[in-house]
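Worksheet for the structure shown next.
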Amino acid sequence: MLTKFETKSNRVKGLSFHSKRPWILASLHSGVIQLWDYRMGTLIDRFDEHDGPVRGVHFHKSQPLFVSGGDDYKIKVWNYKLHRCLFTLLGHLDYIRTVQFHHEYPWIVSASDDQTIRIWNWQSRTCISVLTGHNHYVMCASFHPKEDLVVSASLDQTVRVWDIGALRKKTVSPADDILRLSQMNTDLFGGVDAVVKYVLEGHDRGVNWAAFHPSLPLIVSGADDRQVKLWRMNDTKAWEVDTLRGHMNNVSCVMFHAKQDIIVSNSEDRSIRVWDVTKRTGVQTFRREHDRFWILASHPEMNLLAAGHDSGMIVFKLERERPAFAVSGDSLFYTKDRFLRFYEFSAQKDTQVMPIRRPGSTSLNQSPRTLSYSPTENAVLICSDVDGGSYELYFIPKDSIGRGDSLPEAKRGPGGSAVFVARNRFAVLEKSNNQVLVKNLKNEIVKKSALPIAADAIFYAGTGNLLCRAEDRVVIFDLQQRLVLGELQTPFVKYVVWSHDMESVALLSKHAIIIASKKLVHQCTLHETIRVKSGAWDDNGVFIYTTLNHIKYCLSNGDSGIIRTLDVPIYVTKVSGNTIFCLDRDGKNRSIVIDATEYIFKLSLLKKRYDHVMSMIRNSQLCGEAVIAYLQQKGFPDVALHFVKDERTRFNLAIESGNIQIAVASATAIDEKDYWYRLGVEALRQGNAGIVEYAYQRTKNFERLSFLYLITGNIEKLSKMMKIAEVKNDVMGQFHNALYLGDVRERVKILENVGHLPLAYITASTHGLQDVAERLAAKLGDNAPSLPEGKTASLLMPRAPVMCSGDWPLLRVMKGIFEGGLDNIGRGAADEEDEAADGDWGEELDMVDVDGLQNGDVTAILEDGEVTAENEEEPGWELEDLELPPEADTPRASVNARSSVFVAPTPGMPVSQIWVQRSSLAAEHAAAGNFDTAMRLLSRQLGIRNFAPLRPMFLDLHTGSHSYLRAFSSAPVISLAVERGWNESASPNVRGPPALVFSFSQLEEKLKAGYKATTTGKFTEALRLFISILHTIPLIVVESRREVDEVKELIIIVKDYVLGLQIELKRREVKDDPVRQQELAAYFTHCNLQMPHLRLALQNAMTVCFKAKNLATAANFARRLLETNPTLESQARTARQVLQAAERNMTDSAQLNYDFRNPFVTCGATYVPIYRGQKDVSCPYCSSRFVPSQEGQLCTVCDLAVVGADASGLLCSPSQIR
């Protein structure tokens, strides 16, 4: 049993599948009817109007209706689109057990505990027939799928078959009058619409269920006597064929399977049983722990069943429907109906190869699960669940393809899964002891390999490699070397699909797709709500996959989308161009043509194939908000512009991509204040003063306009703005404009006009307008304000602009990848050639003409129109075309070469570009100003991720390798590259590498300074010096291999000092924790220090431990100190005294995390010992060691690299590359 969906709820008494949608109705003992989407696993709706249990429910075949019947004696007809009950049918006098729509007529049949069966017309909403005859509760009643029959089961121990032919004739209006008359008589005087055709007796107890076979004249029934009976009928009689025994309690429901010759029954004994109709034997049993089963339902179209029990329901399949298949080049091998078949993709030809499974094994799920093919040996491995998992090896005779009749003998063996791993070797998984057996084609074991994980399946992963699957991970295992090549945590993987080049793999689980590289390095994960069914890689490296109802695609960066919807699930076998080849559930080969434009477009964007993108934009109908949003999200708003017609969206995209022209056009079309404002902001950002002015004028934003004129120095327009403000009676605007213009008289006038006489007086006085001041003082009289004494006023006078600025000068840049191509659609290439002719190559030469006129004069005359019309009539130069052969075409360049017109030389390659192309050294890339490649190189070589400390050095390298010359004032500054190792004999055309400001000798000087600072105890200063050495080494370049070794040695020396000094500074911080202080002092003595520094560290550790009464540990440090033969007598004397004191009492008062007998290194982040044999991770640059939990963190010693990152190693000399 394959459970597809399960619910937890009250007891389920009625179930019904929808014929088209993935829905199921469940009616509960609590009175609720639930509508579930079993594909998505979601509750869509609930209907809650019945009083008491609802025992029967049924969907209409074509209308949006369903019917329900309950213990409240009511039959309700519902419309699920309107989410409500349409009407209620009343008539039954007791509980209603089942309800069912007729497949053709507007009828409902209902069975009730009032011992009757009623047939209702749901259109006229009346009862049209009552079937009486049972003398106990009627437990179920249903229409025959094709004939005018009803079958019913009752607790009176009988099954009855009713003929309702008369009812149909009565409903269908008769054609001639005599028949209509006879029908009126039966209506008037009473006639029988339904008659009992057969009464089937044979059960010893009440019968709970009876059902017709969909096509054969068979009936199956289940009863409280725990038996399932099979009955056959003909036109005249019905009889019992057989009894199926096995249930331990009342049989609740029983039915024929629509697609297979089986009966499914369920019972209160908590089991579902499957029976073979032809052999009449039990095939399989499925049990639940605690729940009794009550009802079964089958899907009208698909191979799905549902069963309701005490605590919910399950939707399930009895068998897998996925055909086993393997693709090899242009061919597909697959299994169908016990045959191996062969399909050729190119010819689309399907042939039967040979029979496989022995006929007669009837148990379910014995069909092949997987198929593996070896093209060279023409052999097929088929795995199935027979006997708990087994495989069969077949050899396909060359001549048998197409005949498919001979039955070859297969080599068999037990094993969970088997796959070919080489031309003539296959691997079989032995789950019991978790090993793989490699066998040859004679089925003999060649080799055994234990697996690194508890695998429950194996898949092919390239020659000699296996992909092993466990519950939560997959690993790639090399069978030859018995090594794990890659590991990845995943949800439970069901299928594995390799790309054509075996570089990528897609791992398909139930609801997720993981794309990884061949070493299982994770690339992306996609989650699906609906089950994933299959997938294949197309020729471009896009993964095409199917869910239950969609074909979708996935790109390597995780972008995905829907290609098309599906009516029925399919299994993709191959993708070729825009054709998908697939198998359906019936094992038929199908090809589906898809529109690949969308994902090819996204792929081209991803791979930066902009020429493809261009041609697709021109030629295809790619449009829609999804594409626009995608382009916007990926940073191509300028491309999105070419798809959009809606002005508002165009405006937003134009603003985002900085395309002012389109933004102006859209803003004009929209003409809303907000859009003009946003246009103004963007135009101001670009320095396009004309557009800003236009935008402010459109929105009548006079204040901003005035300020714009002020900062662009447009005095003339500012004075106009002042007049406009005066006309509009805007006093503040007028005053501001006067202030911007520096027009003091105007300001005084404005203040006076509005009655601010004191302010007007002060303004006039401070600005020296004595005549005006005196006039105002007379007006004010005694109220004239006094000016402060002894202070010089600083006047609000704006500077006079030197020139009126226009738009900002814009740099000439290359056209965007798309702009040229998109704007010139339809324009010929000829235009482009012409444009080059009048490019801005500098000033024109004043070439004197034959007649002594200069070029300028000629144009002046032409412009003035002084050339008379007579000239037009003159014949001019009489040049005739020469009829030359086509071979005589000469290249244009030679003509230009001889002509006297100046042509600028083509610029050479910049030196910085030459440096970058020639070098793999990060320092030289930084010197060339190519910081991003320098950072990439450092990241790859040394695992560096934190570039902040290197920033000043990058800038120093760049400025240090360039010099700048000033030719004369109006010419731009000329940049010169400064090269390393230049001498006079060097060739002028050969560029040397860049001069670098950092050298190895500088570092040696710094090292000595660091040693000195350490000796004098200036630890912070010493640490700064050592760290700066570590930060400079990645940007050092040396010449010889010997120097490379010295640089690497320097890293190790400096790293130990940095770590040691960090530990010592940390020790000084933790004053309140004496144990930690002792530990840190002890670790400091294990750093690789110079002898004088080691003695000081040992003396320090000895003192700290002795003071803390840890005498044994202090004695160890004293012993080590004496072993170094200290030159200072004071050191030796102290050490001897400590040893003597300790020998009297060789104990430690506190336990330290320190064992000097066991060699260790200190973790650079947590400062704890990592003893020999313990796992650790290291920094790829400075090689400091860390505890495993620090993996992925920034190294605390060098502050540059990521702990545990992959790196190729330090590259600091050209000699390493040669």
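A Cβ is built for glycine as well, from the same backbone N, Cα and C atoms used for every other residue.
Annotations in TrEMBL come from automatic prediction, not curation.
Distant neighbours of the repeat 'WD' (47-88): 13-19, 23, 25-33, 35, 94-101, 103, 108, 110-112, 120, 122, 125, 300; these residues of the same chain sit at least 6 beyond its ends, with a Cβ under 8 Å from one of its Cβ atoms. According to TrEMBL, the repeat 'WD' annotation covers 47-88 (among others).
In the repeat 'WD' (89-130), the DSSP tally of helix, strand and coil residues is 0 helix, 25 strand, 17 coil. Look at TrEMBL and you will find 89-130 (among others) tagged as repeat 'WD'.
As annotated by TrEMBL, repeat 'WD' applies to 131-164 (among others). Per-residue pLDDT, averaged along the repeat 'WD' (131-164), amounts to 94 for this model.
What TrEMBL lists as repeat 'WD' is 200-241 (among others).
The repeat 'WD' annotation in TrEMBL covers 244-285 (among others).
Sequence annotations record features per position, and here TrEMBL assigns domain 'COPA/B second beta-propeller' to 340-584.
Per TrEMBL, domain 'COPA/B TPR' is recorded for 613-774.
The domain 'Coatomer alpha subunit C-terminal' annotation in TrEMBL covers 815-1218.
Counting residues per DSSP class in helix, strand and coil order gives 0 helix, 20 strand, 14 coil for the repeat 'WD' (131-164). Proximity of distant same-chain residues to the repeat 'WD' (131-164), defined by a Cβ-Cβ separation under 8 Å and at least 6 residues beyond the stretch ends, is recorded for 94-95, 97-98, 100, 102-103, 107, 109-113, 115-119, 193-201, 203-212, 214-215, 219, 221, 223-224, 231, 233, 238. Residues 136-137, 139-140, 142, 144-146, 149, 151-161, 247-256, 258, 263, 265, 267, 269, 275, 277, 280 of the same chain sit 6 or more residues outside the repeat 'WD' (200-241) yet have a Cβ under 8 Å from a Cβ within it.
Counting residues 6+ beyond its ends, the repeat 'WD' (244-285) has Cβ neighbours under 8 Å at 1, 205, 208-214, 218, 220-224, 226-230, 291-296, 298-300, 303, 305, 307, 309, 318, 362-364 in the same chain.
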